């Protein structure tokens, strides 16, 4: 086993025995095999398109789902990977039979999970390239594609698809075995950022088209007496279906982690039993889930090894999987609802205060004139985008301290689960504009980009010339894809922490520093001084 795709990788170098995330050696090898077979499918699909042979939507969806399922904290169940690998291989072979071009050696996949795992040992990420810098760039591309695939899959579930984006994903996968130089691979990394921008745009259209544009909404952090279901992950459609199926049952629905922004969507917040938010970010789930007196539903990624005390109360859906945890399909949450009815629920109302969400692009741009006026009058001196992934590794209290120490004439924009380091801080407002604006989930980086571009247009300058600084935290591969999007857009001076990716070599890092002035975080005091002067 060798895996270094997440920020918490062992010793800052790579996991070699078992993943810090909980991934076993066997699952790691199966995922490596799946990536290899997807790379082969990408090669064949790209050749097919060049020859005018149609690639079906089924193959496109299979590709996005397959790539997404290898992202950190999505699927830990080796048996669930067996049909995925076989379906990808079958799709590859069916297309290959129609293609005249030589697509290289195609891996004949084995039968059982154990056999597939053994087979996967031949395809570690270290085999991407003998040259460590070229391998680093190929890893950046593949990890970026995992983020692209996640957003592409989410968007497709909501009916938003783009055949050109699927074609680009296939072509990017086909790059892995090719002998390319630094310049070409850097170009592909930037292309991945462009692809991710499109994927986030599709997902934004899917979310807002189905559920309306988020509006500023107060969300209780306490509880309401009664039966309860907790929804974690990122999937709005799963939440909507659960809300419909629990209407009139007396069960209250709570969000966890990155589901918090769902409270701002008009078509979700209209349900009276959609009550509040429970807990914080993904890495605290063992403690928080153990104390939740109802059923728990994990959508998309961010699952950790369930503790025995709640293993019987937690369910997965979509691409999420953990061995021994009940998986529900087709949007039928009857089992989850039955479990919630069986469990005690909250005994009494509790008041733990409230937080504000719903400051996506439509809301912020709706008060753009007030924001611009505030900047011109000197009331708002600077904007900070402080967001990204949260995690368990020490050093992430930097983000709490940074936000608390930011001057009163600055505005904090935030998104993704990194916000939980400070989401409940009372920072006040500037001329009626809250100083802490929650833009949404990680994919709502699209909203943040639209806000930045609109402000740049209003001030007739480039985004890099705005009084805006990005202080980002990363953990998994969606953060890689978002970073590549920002670099594709030419955004510079990004501060990144709590540590730099293990898969970035010194030479590749030097390129990023020289061209984009990416820098690691230092201390809140030093960074604020450097930014504000």
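Cβ coordinates are placed from backbone N, Cα and C, and glycine is handled just like the others.
The model shown is predicted, which means the values in this text are computed figures rather than measured ones.
According to Swiss-Prot, the protein has these features:
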type	residues	note
BINDING	3, 6, 15, 21	[4Fe-4S] cluster binding site
BINDING	234, 258, 302, 389, 417, 442, 476, 478	hybrid [4Fe-2O-2S] cluster binding site
MOD_RES	389	cysteine persulfide
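Taking the features listed in Swiss-Prot, we show where each one sits on the structure.
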{"residue": "3", "record": "[4Fe-4S] cluster binding site", "DSSP (3 states)": "strand"}
{"residue": "15", "record": "[4Fe-4S] cluster binding site", "DSSP (3 states)": "strand"}
{"residue": "21", "record": "[4Fe-4S] cluster binding site", "DSSP (3 states)": "coil"}
{"residue": "234", "record": "hybrid [4Fe-2O-2S] cluster binding site", "DSSP (3 states)": "coil"}
{"residue": "302", "record": "hybrid [4Fe-2O-2S] cluster binding site", "DSSP (3 states)": "coil"}
{"residue": "389", "record": "hybrid [4Fe-2O-2S] cluster binding site", "DSSP (3 states)": "coil"}
{"residue": "442", "record": "hybrid [4Fe-2O-2S] cluster binding site", "DSSP (3 states)": "helix"}
{"residue": "476", "record": "hybrid [4Fe-2O-2S] cluster binding site", "DSSP (3 states)": "coil"}
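It is 5 Å from the Cα atom of residue 476 (hybrid [4Fe-2O-2S] cluster binding site) to that of residue 6 ([4Fe-4S] cluster binding site). In this structure, the CA atom of residue 258 (hybrid [4Fe-2O-2S] cluster binding site) is 18 Å away from the CA atom of residue 6 ([4Fe-4S] cluster binding site). Non-local neighbourhood of residue 417 (hybrid [4Fe-2O-2S] cluster binding site): 257, 258, 280, 281, 282, 302, 389, 390, 442, each in the same chain, at least six residues away, with C-beta under 8 Å from its C-beta. Residue 258 (hybrid [4Fe-2O-2S] cluster binding site) carries a helical DSSP state (H, G or I).
Of all the binding-site residues listed here (3, 6, 15, 21), 6 has the Cα closest to the Cα of residue 478 (hybrid [4Fe-2O-2S] cluster binding site). The two recorded residues residue 234 (hybrid [4Fe-2O-2S] cluster binding site) and residue 21 ([4Fe-4S] cluster binding site) have their Cα atoms spaced 19 Å from each other. Taking the mean position of the Cβ atoms of 234, 258, 302, 389, 417, 442, 476, 478 as the hybrid [4Fe-2O-2S] cluster site, the remaining same-chain residues with a Cβ inside 8 Å of that point are 257, 282, 301, 416, 441, 475, 479. By the criterion of other Cβ atoms within 10 Å of the residue's own Cβ, the least surrounded of the binding-site residues 258, 476 is 476. With the fewest other C-beta atoms within 10 Å around its C-beta, 15 stands out among the binding-site residues 15, 302, 389. Note on the binding-site residues 234, 478: the fewest other CB atoms within 10 A surround the CB of 234. Report note: the [4Fe-4S] cluster site is defined by 3, 6, 15, 21, and the residues of the same chain whose CB lies within 8 Å of the CB centroid of those residues, excluding them, are 4, 5, 8, 9, 10, 14, 19, 20, 23, 28, 72.
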